[in-house]
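Asks: I'd like to ask you about the structure that follows.
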């Protein structure tokens, strides 16, 4: 695995094997029996899958030190965002060689919410 040390690679492979064994221990339910029996088996199977997913997350967090939540992307305030069509205007196959964009206030574009 490119850019990673060998020790963390073996640890990652070991964790993947453990998680694979967990998922293999819960095969899909059999499609036999009455509708109610099939529904109950699927419900129990989904509950076990949910537990396996939670256990897998805990294993990854404890063994690899993965942060529990992904890093949030910091976005600028909506007031500072603008649409700029000078780079990729038009449909596919056309070049965006149009006239320059005219900046309009958002209130003139969206209106005030009252009908005239």
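Placed from the backbone N, Cα and C atoms, the Cβ positions cover glycine too.
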Asks: For the feature motif 'Nuclear export signal and binding to XPO1' as recorded in Swiss-Prot, pick the matching range from 61-72, 73-84.
Replies: 73-84
Asks: Need the matching range: Swiss-Prot marks motif 'Nuclear localization signal and RNA-binding (RRE)' on one of 17-33, 34-50, and I'd like to know which.
Replies: 34-50
Asks: Residue 8 (phosphoserine) has how many other Cβ neighbours within 10 Å of its own Cβ?
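Replies: By my count, 13.
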